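Below: the structure, in structure tokens.
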């Protein structure tokens with residue numbers, strides 16, 4: 001049961017899909033107890049009335065509208081029977097607390113919301129007499145409203161706008177919600193200039209049909225790309241490469257052309273308006289950003305050009321997986337639906353917690369509020385941890401499900417004997433045997449993500465107050481935790497695949513997968529990473545195509561500054577959709593590579609140790625080996641004998657690869673410094689020195705040691721050369737005077 005100090009046998013005996021047993025049962029019980037705790041929080045909020053106060057609403061004296069209430073000690077006008085008063089009415093609905101993001105007006109329970117504008121206190125009296133709905137405080141009589149001196153503090157602010165009740169939450173909401181624009185401006189704190197914010201929001205409202213159409217276009221493009229990956233994987237790599245390069249160059253050229261055309265159009269004008277200057281500046285920023293993006297893409301393509309061809313055959317095999325398992329394309333929808341349902345539940349319970357607790361009188365306003373005090377206030381933190389852990393658990397279930405289906409496909413020699421529904425079989429195996437493994441892996445990710453989120457919160461709170469050294473240290477810690485989280489995510493994914501193969505616990509599977517990956521480190525970099533790069537190009541293709549279509553559709557709006565928010569919304573949605581679809585293909589490629597590495601390590605094609613791999617993958621392997629032999633022969637190493645039929649293929653690092661790696665390190669570092677400096681707030685020499693300092697720390701402390709450690713770990717497992725067998729000389733009888741000598745080779 002131990003993690004690193006496991007007492008299980010050191011030599012792993014891989015028995016794919018043969019033995020099934022429950023794994024990490026204690027972690028399954030712990031996760032079950034945690035989920036029971038999450039449900040208990042929801043039950044507590046319902047039992048103590050927090051849910052009822054949120055749904056039905058409550059007044060400023062602690063009375064829940066629409067029901068009979070009990071007296072609250074020390075709070076006057078509490079314990080009233082509000083059975084006939086089902087709606088919450090705010091005396092001043094536009095009195096918004098900018099800091100707390102809530103309405104701080106007095107609230108009352110009324111029987112009817114005013115459906116017409118009430119301009120005088122006589123209108124309030126008439127409304128109370130005719131409809132029986134008193135809009136002033138409970139201690140004031142309705143027929144005395146016009147002459148009471150308390151009417152200025154305990155009656156609604158005149159004029160009272162017409163309002164209507166919400167469908168579920170019984171609140172009287174003004175029909176004209178223009179006063180809530182201040183609240184929207186308070187929530188959106190990224191833009192300090194209200195005029196700019198109004199222009200951006202106006203641009204979104206004017207382009208909402210275009211935004212919806214572009215989002216649907218991104219969804220269609222993602223599905224088309226999945227079809228292309230399945231059926232024409234042989235030419236997919238080069239098509240994506242050419243289209244990304246041409247699309248980036250075309251988009252950059254169009255933006256520069258628009259900028260030059262705009263400058264030439266306004267050149268003859270005597271006075272350049274402020275909006276015209278904003279348009280020119282916006283177009284210049286767009287063109288510079290597109291140029292930097294294009295340069296980065298071209299540099300990456302330049303350095304990856306020799307490795308791109310190696311992924312074609314692997315993509316072909318992954319395409320076969322999708323042909324045999326078409327339901328894999330529905331996994332993003334299922335995962336998104338599960339996450340959406342959980343997030344809705346989590347948000348609803350969080351709102352319940354906001355109206356749960358003991359009644360406390362606000363010293364500033366004198367209104368009664370409900371707050372969690374004492375140990376109960378830690379329920380909010382427990383609920384927040386549950387958001388991260390359960391979300392990671394759902395994502396891990398998707399990875400385990402896909403890994404189980406791909407493992408079943410790979411280790412089934414006769415593909416005609418695959419289960420009728422491999423996806424459903426994988427889900428059933430997950431629920432029956434491996435929920436504990438998924439819970440443990442997701443908990444490890446949670447332990448890393450929580451400190452990173454806390455540091456990000458501290459960094460945002462101290463923005464502009466800390467010195468350059470503190471900012472550099474915070475960014476370094478956040479970056480280190482982010483890198484650790486990504487590495488653990490990749491290791492967890494391979495651990496789930498190893499669990500699906502051999503039904504071992506999480507730690508044992510993670511150790512076995514790590515050993516396999518270290519033994520094939522350069523092959524991981526050459527095949528797996530290039531595959532991820534190609535999928536990244538697919539995501540960029542979808543985003544750039546959607547953005548290009550957005551530029552063409554939004555071109556009729558001459559106010560170019562209003563483009564930014566619609567284009568950001570569309571690009572974010574396009575990237576999210578493309579990531580959801582192509583991440584499934586990425587998981588399939590990674591699982592196939594792990595299965596292939598295990599297959600080549602423990603099988604050699606002899607009777608009893610036959611390969612499980614597909615014929616197309618074997619052709620890919622043979623072509624790669626032939627290419628490596630040609631390269632090695634061209635570099636003239638006559639002292640080494642190369643095996644022709646070696647059962648295992650070990651990675652080797654050549655001098656040319658080292659030179660390419662060092663060259664890539666230098667260009668990667670320079671491009672990182674320039675991009676960081678260009679995207680900074682002030683492009684000065686001081687900011688360039690600070691960016692250079694930060695990037696040097698990140699480069700030498702994180703990126704360079706990580707890549708060097710992986711290569712060094714590979715070199716430690718240097719393969720022994722396979723010598724071509726030579727004919728053995730016949731044994732000679734040693735002379736009596738000279739005994740036979742022993743040689744240690």
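Note that Cβ sites are derived from N, Cα and C of the backbone, with glycine treated the same way.
Feature annotations, reproduced from TrEMBL:
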- 25-47: transmembrane segment (TRANSMEM)
- 210-229: transmembrane segment (TRANSMEM)
- 235-259: transmembrane segment (TRANSMEM)
- 280-302: transmembrane segment (TRANSMEM)
- 308-327: transmembrane segment (TRANSMEM)
- 334-353: transmembrane segment (TRANSMEM)
- 381-412: transmembrane segment (TRANSMEM)
- 433-450: transmembrane segment (TRANSMEM)
- 533-556: transmembrane segment (TRANSMEM)
- 563-585: transmembrane segment (TRANSMEM)
- 666-690: transmembrane segment (TRANSMEM)
- 697-716: transmembrane segment (TRANSMEM)
- 723-745: region 'Disordered' (REGION)
- 729-745: compositional bias 'Low complexity' (COMPBIAS)
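Take the transmembrane segment (533-556) and the stretches 25-47, 280-302, 334-353, 381-412, 563-585: counting Cβ pairs under 8 Å, 563-585 has the most. Within its own chain, the transmembrane segment (334-353) is flanked in space by residues 38, 41-42, 45-46, 50-51, 54, 372, 379-380, 383, 386-387, 390-391, 394-395, 397-398, 580, which lie at least six positions past its ends and keep a Cβ under 8 Å from the stretch. A Cβ distance under 8 Å defines the sequence-distant neighbours of the transmembrane segment (25-47), meaning residues of its chain 6+ beyond its ends; these are 1, 345, 349, 352-353, 355-356, 379, 382-383, 386, 389-390, 393, 435-437, 439-440, 443, 506.
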